[in-house]
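Some notes on the structure that comes next.
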């Protein structure tokens, strides 16, 4: 009997029990979160257990150390060294294999000329033509069954000028080498192609060149390995459809990591990056984009090095790609379901997949069936007289308290914008915590104040039903979004799970009422809508403890009579909190509204008073023996809280550093933080008003700490620096001044840092800082001259870029006025690999250029002076990008054809000055080597001393990356 009493006491709906259960729930969620983020570090292969895997990892780590020894962008000589090392490793691995073939684009002098939309800005209408000389290394492993559609594995070996490329994309490259080594030993059933491609960073050009190779016809599937962060776990960033997601599910059994929230965020352009997967997808391939994704403030900086990553991160990508490639290479694939997929993993133990279209159908079923069932049960309970009547005040307090929490949250967010808008960059936990605690604390205060003056007998059940209604509305809206996006909003699945579990909890409550015993006596209104003068001190205390769950005796989830008898131990006060009423037994209506004071029980009418108190007492006792709340709690709180918290963490973990990329991203992150904190709070709001004073005190304390951290702590530290973009621009048409451009977020961050540089502090150098678009700030000053070339004389920067016009028939009398104009240019640039030509006409709205020709002199064919590549565009060409491999080949030979104004608009105008058909050509050439030296007059000097100065003297709370494809840009302009 004692044990039974203890058991009942533990399960009763009390403040302490609820608070303890909340503590346990959030403790478990925290432990699961830590387990999820740390487990992969403990799963490295051991030599005695998995010798082959251990060898693959150790060899890959050694390869990574070698290829990340220096910066190796496409525009550098180090890029060739990495290419040569990879080619050597590929030849070592393939050896004399009878089914392996190697193709080197550099040796075969493969080049392409093609029209390309800006891959990093889909909204751009700038027409671009790109010429690219490739040094991709391709390996073909012919499968046992070559009729099977082949699999491509791809990674790029170039880095940015400011990063060693350990994560982006050294780990992908060495993982490809490990996969190649594995599949050489275990011949695949289907043909595998490995593409070690070059120049992904500035146009996804290596991937584009792949489709100029005959082997591209052999492959249908692709695994792209990428790094858009700097370490951590490699996530399934995106996948083609439900079939490919299920293939990942079936193959990656150890440490799967993926979430379709990333996919939706990436396609929605919340992340301003792109990977080679885009090119493969646009060319009809299906597959998997596996990438590192955080932290973005170290991405493309000097900290993208082997020092800031680990073998655990490398093994996670290597092992994931190995499991996936081995499965695809050896199994027949079911690829029938090509609808977008919703997918997620559970702490790296289990991977779940559902078609977004199927999810939409289930949403429709939920939306249709749930209100029908709920309304039906409500009508049954009304008919059986088991439904409790509630006033409008009772029904509105939960949504109004939620609305008030949102309003207060909005006011707090305004304070963040005013005082510390970039706080998310340092630590998104504090603002999320502040938003979350503020919402639940506001709800607690308002509901309990309302209950103090106007007690509500069944607040929990009302709140659960209202939560169901709110979530039904949200699900309706998100289902519409899912349908209108052609099922590409694949990150909305958490709301479907939350709605389903909340619906079950609400239906169970309504079912209990519908199946309750019919009663003739109605207890009247359980929620008092007016304040009574009669109220004892003990009763007020009990009301504060919560009268919200006065269950009817007929409730299927209430205790037995035995339980009710044992309630005496609880010492529940029997004094009414409101006026005594005589209850009409047939209709449940009050027959007296007489008010009483402390003397009333001694006077006439005391019998009526005692009857009311007795009824009230019995009802209040039932509150403490209500065990249904545990079922409702377990349905609504643990699973939805974990899924919603994990989803918000996924979003913030990927996006929090994007606040450095502009004000739009800042508002996006702030909005996600606000909405996410509300979603995390929703599962506990129906219960939270019931927590004890310790819990609410800790909540208030956590809010104060979180708000202080959010508003007052500086957003940038050594470990979470502000990423700043650098370039040094020399415009030959305006002199030889080497103007340094430093681009970063507004907020008085850049100028104080620049003013402390020695070259500025001890000179009269002026810094000009101006606001540019999207909340960014550009600071410019004249920096130290770069030393791009080794020379024995004075460095003449104007000799770096020279433009020679070989032919121009614009003013030729032999050309008809209706005939296109043709010009031929020779662009002489020293030790260079990349230039851009931009075309513009002062007299025509659109670029009149219709045809571009590139004359290429091949080393392997000296008998052919030039090989021409030509491309035409009826809509006009705005830009020509040039990329060549040979540093010793100092010229680009270009042909340009453009329409005269007469052909484009049909107007015949007098052109006395002969300028209406002029074509302005702006030339920009790029150099990306900075961590090296030139020899000037016998003395070794650094190539870009202005950048060295920033690296050496800027505080550690700053990190630096390139603004454009080179660190030094030399510009010139001519008119044709």
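Note that Cβ sites are derived from N, Cα and C of the backbone, with glycine treated the same way.
Your range for transmembrane segment, going by Swiss-Prot and the list 308-328, 329-349, 497-517, 518-538, is 497-517. Per Swiss-Prot, Zn(2+) 2 is bound by 168, 201; the candidate from 37, 50, 300 named for the same site is 300. Residue 257 and residue 868 share a topological domain name in Swiss-Prot and therefore face the same side of the membrane.
Checking Swiss-Prot for transmembrane segment across the ranges 273-293, 462-482, 546-566 points to 462-482.
Between 571, 656, Swiss-Prot assigns N-linked glycosylation site to 656; no such entry appears for the others, which is not proof they lack it.
All protein chains considered, the CB of residue 796 (N-linked glycosylation site) has 10 other CB atoms within 10 Å. Apart from 156, 168, 226, the Zn(2+) 1 site neighbourhood in this chain, defined by C-beta within 8 angstroms of the site C-beta centre, holds 155, 165, 169, 172, 200, 201, 225, 227, 228, 275, 276, 291. On the 0 to 100 pLDDT scale, the topological domain 'Cytoplasmic' (381-392) averages 80 in the predicted structure. Counting only same-chain residues six or more apart in sequence, the Cβ atoms lying under 8 angstroms from the Cβ of residue 768 (N-linked glycosylation site) belong to 779, 780, 781. For the glycosylation sites 656, 811, 937, counting C-beta atoms within 10 A of each C-beta gives the highest total at 656. Note: residue 156 (Zn(2+) 1 binding site) has non-local neighbours 169, 172, 173, 196, 197, 198, 199, 200, 201, 206, 207, 226, 276, i.e. same-chain residues 6+ apart with C-beta under 8 A of its own C-beta. Here the topological domain 'Vacuolar' (483-496) is broken down by DSSP into helix, strand and coil counts: 6 helix, 0 strand, 8 coil. If you take the Cα of residue 656 (N-linked glycosylation site) and the Cα of residue 168 (Zn(2+) 1 binding site), they are about 19 angstrom apart, rounded to a whole number. Note: the CA-CA distance between residue 168 (Zn(2+) 1 binding site) and residue 212 (N-linked glycosylation site) rounds to 24 Å.
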